Amino acid sequence: MAEFVQLLFNGLVEGSIFGIAALGISLVYSVLHLVNFAAGDFLTLGAFAAFFFVTSLHMPFIVAVVLSMILGVVVSLILEFLLWQKLRKSGAGMLALFLVATGVAFILRQTISLVFGSNSRKFDLDQLTTYEFLGAQIAKTQLIVLCCASVAITAIALYIKKSTTGKNMRAYADNSSLAAVSGINVDRVILATWSISGAFGALAGVFQGTVQGQFTNGMGLDLLLSILAAVVLGTIGDAYGALIGGFVLGVVMELSTWDALFGGIPSTYKPVVAFAVLVIVLLFKPEGIFGVKARKI
Amino acid sequence: MKMNNRLILATITVAASALLVSTVPANAAGVDIRVGTIQPMTGAGFADYGTGLANAASFGVASVTAAMTAAGVSGSCKMIAQEDSVSDAPSVVKEAATKLAKSDKVNFIIGSLTSGASLEVGSVTAASTGVIAIASAASSPALTTFKDNDTLFRTYPSDLLQAQALVKAISKAYGNSSWVTVGAINNSFGTGLAKAFKAAWIKNGGHIGGTVLWNAGAASYDSEAAALVKTKRDAFVFVDYPDSFAKMAPALVRTKKWNASTTFMTEAFNDDSAIKTVGASLMNGIRGTSAKTNGTDTAGWKAAFKTAFPKNPGTFVDGSGFDAAVLACLAGISAGGTSARSLAKGLRNVGGVNGGTAYSWNQLTAAVKDVAAGKPITFNGVWGYTKFDKAGDPMGGAFEVWSVKDGVILHDSKTDVQF
């Protein structure tokens, strides 16, 4: 029982990080039909920015997290004005957008290396304090991340569902032409999409750095495949699905090592299990776990 | 009489020629040796090691060039290019090795740092006809068995020897028949040393409680830590790098079932920067083994190297890059040609396999003269492992046992192990 609780909790923590990062990718895809391969490096940007604000500018950690999210928004918007907007106007296809996104990822990663150097970094947080729950050891940092992630997920879900901008985003994702002629401010929808993507990408990076205690400039790239798997699992283009896909993926990866499940698999194969689950789900439900063909956001 | 004069003249000519040949170096025509390096000079984890090894290789080439000028030996040894493998990413390493071999047409590639990357370099040199690789810090046994057509050498002792050193250290602390759980990073270095250690430990009469591998870029390490601490064991052996163990160590502490003082590790942690990366409190009590320099006048060399490269980050293994470059240049002079076979023969000829006068790093002019004259020599390097066996591995090695106390690495020379 203790092992199950431990693995379930670990999976929920990791899943919440996957989900938050996947949300941005899914939103961008639903509105702009762009698979943002640079999203992983926004995680790295967020973690390194928070580290800089805390260690160099001596800011409280919570302020540093907010500022790193703002930086994520600013970088996203700069890219929108300098790059994505022009590419949309020139009618660039999916392949061109994919290649540009990959290029942006490289540029972001190398810029982070140039600015912050290549050494690993860590937040000065207590990684070792744990609380016992049903025999499992729940780390303080994990608990904080899970609580904060839950708040962030609830907030963004409500924002998309209730706010005018959120409703406009859903309308634009469903039918962009109809949304445009019905008076929806398309530019505002696009800017909101990039802002959410940048902010949540950076937040996911800070959470990952907080949970692991140590991060390098390759952190986002290491997680990108798992995040993309969460996006596809929860139906690509479905923001709620991406969040749930992240949780499912995190929990499945951790529980796959549980002894009670046929002895458990070696932990090095956790990513393999995640992708095996993805393939199996897509075989039976090509739209993803929660998707229906017409549903967007 | 006329005939006699001609005979005398011919005799004098032959004698003079013979005299000339005997005093001029055997490869008087001179060979131009081209050297390149591949090291992780940027990227996470290895940049200090890679930069140091690359700088040391440059210093080695410059040292032999100066010695050749002083000795009046024709030919040259030049550093053609220094490639950055960016954390030793396999695809980057392969591309860099191919560029050095085919575009830059080097004769020797010094590098790379890690075992996996060095095998990538080896796969390129094995397919070539005139390029030799000398790995600077790769220790995996996989390099010994790799089908490299005698083109992959290394100046760092194999982990087959390190496994024996670990066995001795753990036997001394816990007894021959104790239980050990092995944890390793999932790459050729980690799995190679873990396999070698387990075989040596069982042969020694010990027991293995379990084996857990982990991926370098894993999203979390908690399930790996849980798997490690539920095994039966008296001690742990972890084969890892500081960057990934910095994530594993807190996960181990959180299980409340890990005691650092029961843990043995390897040379990647025998460095102040590793303690800084992982955290002194998490490393407190950890012990380990590490290949130790076997070289001559290492203090003098370090001072000279510091003068030549004042900004060099400096790690314990820098001398290995210097030795590799010096051996490469000397091997080229010895070979008198640039085929891979002759260069491999040259490496063994200057590394001491065939005996000859021993020379250290500050006696290179005399060493060059001897090599150019066709004599075998024994280059006693700075790092020290220069005598290559049939697989291109150093014959023998020395290991030290280290421990961490309050953030300081302690060494006790009485516990050194020599093979």
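We number each residue from 1, going along the chain as drawn.
Glycine too: its Cβ is placed from the backbone N, Cα and C atoms.
Per TrEMBL, the features are:
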TRANSMEM  A:12-32  transmembrane segment
TRANSMEM  A:37-55  transmembrane segment
TRANSMEM  A:61-83  transmembrane segment
TRANSMEM  A:95-118  transmembrane segment
TRANSMEM  A:138-160  transmembrane segment
TRANSMEM  A:223-252  transmembrane segment
TRANSMEM  A:272-292  transmembrane segment
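Counted as Cβ pairs under 8 Å, contacts with the transmembrane segment (A:37-55) are highest for A:61-83 among A:61-83, A:95-118, A:138-160, A:223-252. Here the transmembrane segment (A:138-160) does not touch the transmembrane segment (A:272-292). Their Cβ atoms form fewer than 3 pairs under 8 Å, with each pair 6 or more residues apart. Count of Cβ pairs under 8 Å against the transmembrane segment (A:95-118): among A:12-32, A:61-83, A:272-292, the largest is for A:61-83.
Panel annotation: around the transmembrane segment (A:12-32), residues 39-40, 42-43, 84, 88, 142, 145-146, 149-150, 152-153, 156, 169, 172-173, 189-190, 193-194, 196-198, 200-201, 203-205, 207-208, 211, 223, 226-228, 230-231, 234, 236-239, 241-251, 253-254, 296-297 of the same chain, lying at least six beyond its termini, place a Cβ under 8 Å from a Cβ of the stretch.
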